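Features reported for this protein in TrEMBL:
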- B:40-112: domain 'Phosphoribosyl-AMP cyclohydrolase' (DOMAIN)
- B:Asp87, B:Asp89, B:Asp91: Mg(2+) binding site (BINDING)
- B:Cys88, B:Cys104, B:Cys111: Zn(2+) binding site (BINDING)
Protein chains: 2
Amino acid sequence: MTSTPPPSNLDPAVAARLKRSADGLVPAIAQQYDTGEVLMLGWMDDEALHRTLTTGRCTYWSRSRQEYWVKGDTSGHFQHVKSVALDCDADTLLVKVDQVGAACHTGDRTCFDAGELTVSTAGA
Amino acid sequence: MTSTPPPSNLDPAVAARLKRSADGLVPAIAQQYDTGEVLMLGWMDDEALHRTLTTGRCTYWSRSRQEYWVKGDTSGHFQHVKSVALDCDADTLLVKVDQVGAACHTGDRTCFDAGELTVSTAGA
């Protein structure tokens, strides 16, 4: 974990609390605010969190493209931000959103719809 | 990302799909299966996932203690596993559980209860 915040417009009081991964990111869980569906997990750096808190649209850092990514900018499937909470360890974000259309790039409502694994417990 | 699975008892077909962080871990979101509450985020390596899938109790890898951690073993606040899903990128797990008592070590029901950040959007 690194505790050195990168340059950003994030409120310094929030930046001081964040515990980032070695690459300066924090996982952000996106949840549909009314149904409770867990939609996806993305990653935010300080600036992405700042934009999420101040623009009303969920903004991630794309690790594959190495750029900011306003969810919906290309697909129209925006995530309108309802609330953001930091967890007890200050290393994970929970973002409650109103998801337009599908959250998943496959067209599924959530990124977890197609990935069920087999749970096999003998009398547990 | 590393794609080399560590030695574990995990089903090789599942292990072959997993995309792990540089330290061999995958974030696992724990969600209360009936209410939809997002309880916490933990980390699993292949063996922790195997144990989660086969023992009925959610098992994480503790990054701070560097050991397996059956949630509830010390607190009694077990997470009984209902279902496990891998996301579309195979780099995040969603574990639906029946949480006994508080999920958070602070005594809060979820790890996000006390960490609300201020969302300030001007007409967004």
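Glycine too: its Cβ is placed from the backbone N, Cα and C atoms.
TrEMBL: automatically predicted annotations, no manual curation.
When the neighbouring Cβ atoms lying within 10 Å are counted for each of the binding-site residues (B:Asp87, B:Asp89, B:Asp91), the highest count belongs to B:Asp87.
In this structure the C-alpha atoms belonging to B:Cys111 (Zn(2+) binding site) and B:Asp91 (Mg(2+) binding site) are separated by 22 Å. Averaged over the domain 'Phosphoribosyl-AMP cyclohydrolase' (B:40-112), the predicted model has a pLDDT of 97.
The number of other CB atoms found within 10 A of the CB of B:Cys88 (Zn(2+) binding site), across every protein chain shown, is 18.
Each of the binding-site residues B:Cys104, B:Cys111 was scored by how many other Cβ atoms lie within 10 Å of its Cβ, and the smallest score goes to B:Cys104. Note: the domain 'Phosphoribosyl-AMP cyclohydrolase' (B:40-112) comprises 10 helix, 29 strand, 34 coil (DSSP; helix = H, G, I, strand = E, B).
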